[in-house]
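As recorded in Swiss-Prot, the features of this protein are as follows:
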type    : residues        : note
BINDING : Y37, Y175, Q179 : L-tyrosine binding site
BINDING : K238            : ATP binding site
DOMAIN  : 357-414         : domain 'S4 RNA-binding'
MOD_RES : K144            : N6-acetyllysine
MOTIF   : 235-239         : motif ''KMSKS' region'
Amino acid sequence: MASSNLIKQLQERGLVAQVTDEEALAERLAQGPIALYCGFDPTADSLHLGHLVPLLCLKRFQQAGHKPVALVGGATGLIGDPSFKAAERKLNTEETVQEWVDKIRKQVAPFLDFDCGENSAIAANNYDWFGNMNVLTFLRDIGKHFSVNQMINKEAVKQRLNREDQGISFTEFSYNLLQGYDFACLNKLYGVSLQIGGSDQWGNITSGIDLTRRLHQNQVFGLTVPLITKADGTKFGKTEGGAVWLDPKKTSPYKFYQFWINTADADVYRFLKFFTFMSIEEINALEEEDKNSGKAPRAQYVLAEQVTRLVHGEEGLQAAKRITECLFSGSLSALSEADFEQLAQDGVPMVEMEKGADLMQALVDSELQPSRGQARKTIASNAVTINGEKQSDPEYFFKEEDRLFGRFTLLRRGKKNYCLICWK
């Protein structure tokens with residue numbers, strides 16, 4: 001991605017919501033590499049899909065020769081960002097936040113190159129400059145540059161101030177000052193001249209731009225990526241089970257892959273622009289091919305492959321594809337014990353059972369059937385498989401060989417209704 005027209009290329013992909021002084025930023029980028037940053041607050045023990053677009057944006061800038069700084073908010077994570085939040089956040093303990101900082105730093109690391117010469121990425125933590133700052137320094141050196149009149153008029157907090165049932169604490173109100181100072185600090189430490197973030201961060205970013213100008217007399221810039229929405233109006237990045245996480249222990253690679261496979265046709269080509277590094281030409285060619293093929297579109301599989309590989313690596317992608325294929329074909333011989341552990345985590349409904357159970361009871365306990373009577377009829381009609389093999393004996397008791405790896409048995413009723421038995 002050539003640096004001189006990087007902003008234009010990001011706009012073509014739909015990745016720019018707002019940008020400050022676009023002309024001056026384009027000129028600055030044309031002059032040569034810059035340092036830029038994006039902040040990630042440890043509000044949980046993992047990043048989720050909402051973080052992926054700004055994180056990949058950092059990567060796009062690095063590929064164009066710029067120096068990315070990934071800032072994990074060890075200090076701001078202790079306070080909580082009120083931007084567009086309906087209620088006050090719960091404050092987490094310092095120990096919890098520190099634990100989450102470590103996890104998030106490890107999650108961010110594979111996306112960036114920390115050893116590539118002059119534009120090697122930097123990992124930073126704002127606790128390094130806030131941890132030992134006393135309240136008088138904070139109020140005198142930072143607070144005096146902020147106008148409360150302007151702060152209460154920022155869209156991000158205005159909604160909270162106007163709600164009778166929910167005000168805003170001084171703690172959360174001061175968040176804007178902390179993030180603003182991050183920008184000024186990174187500008188001084190690493191020459192950072194651009195902050196990127198989600199569109200909900202616009203107010204915090206512009207505060208940082210103003211503060212950097214006041215403290216260091218430097219012109220810096222802000223760019224926000226859009227909030228990702230789906231064509232049907234439902235929230236992106238959520239499933240029935242909640243958020244889609246980047247940590248494989250919270251959302252398995254199989255579940256992650258399936259999330260992308262289930263992308264609507266109305267969204268898939270847009271998402272290829274947001275979440276992959278395919279060129280616009282490649283994406284347009286794929287869309288044209290799908291339109292004219294007369295078959296199911298290929299785009300969802302391309303998207304699922306690309307994003308799963310980015311987040312979980314080749315091994316995670318191959319496991320996700322292997323599980324998908326085995327469930328589709330009914331043949332489980334290729335599945336490893338780790339694959340079954342993914343299914344048990346979140347891939348299919350799971351039930352724990354004591355050894356010695358019979359098939360009818362398993363169908364009831366797994367909620368594949370409402371009663372033993374109904375289970376008997378279903379088994380007799382040849383509609384039940386155990387580990388891919390049909391079983392038509394209603395009086396069947398599980399045998400040792402049904403327990404794959406001594407732990408797992410996969411039941412299927414009909415073509416698509418699965419349940420995994422985990423034996424106690």
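For all residues, glycine too, the Cβ spot is worked out from N, Cα and C.
According to its DSSP assignment, the residue listed as 'ATP binding site' is in a strand. Cβ neighbours within 10 Å of Q179 (L-tyrosine binding site), excluding its own Cβ and spanning all shown chains: 27. Sparsest Cβ environment among the recorded positions K144, K238 (other Cβ atoms counted within 10 Å): K144. Looking at the residues that bind L-tyrosine per the record, Y37, Y175, Q179, the two CA atoms farthest apart are separated by 18 Å.
The DSSP secondary structure for Y37 (L-tyrosine binding site) is strand. When DSSP labels each residue, the domain 'S4 RNA-binding' (357-414) comes out as 19 helix, 14 strand, 25 coil, counted as helix, strand and coil in that order. The Cβ of Y37 (L-tyrosine binding site) has 24 other Cβ atoms within 10 Å, all protein chains considered. Less than 8 angstroms from the CB of Y175 (L-tyrosine binding site) sit T76, I79, G80, D81, P82, S83, N204, each of them six or more residues away in the same chain. Annotated pair Y37 (L-tyrosine binding site) and K238 (ATP binding site), C-alpha to C-alpha distance, rounded: 26 Å.
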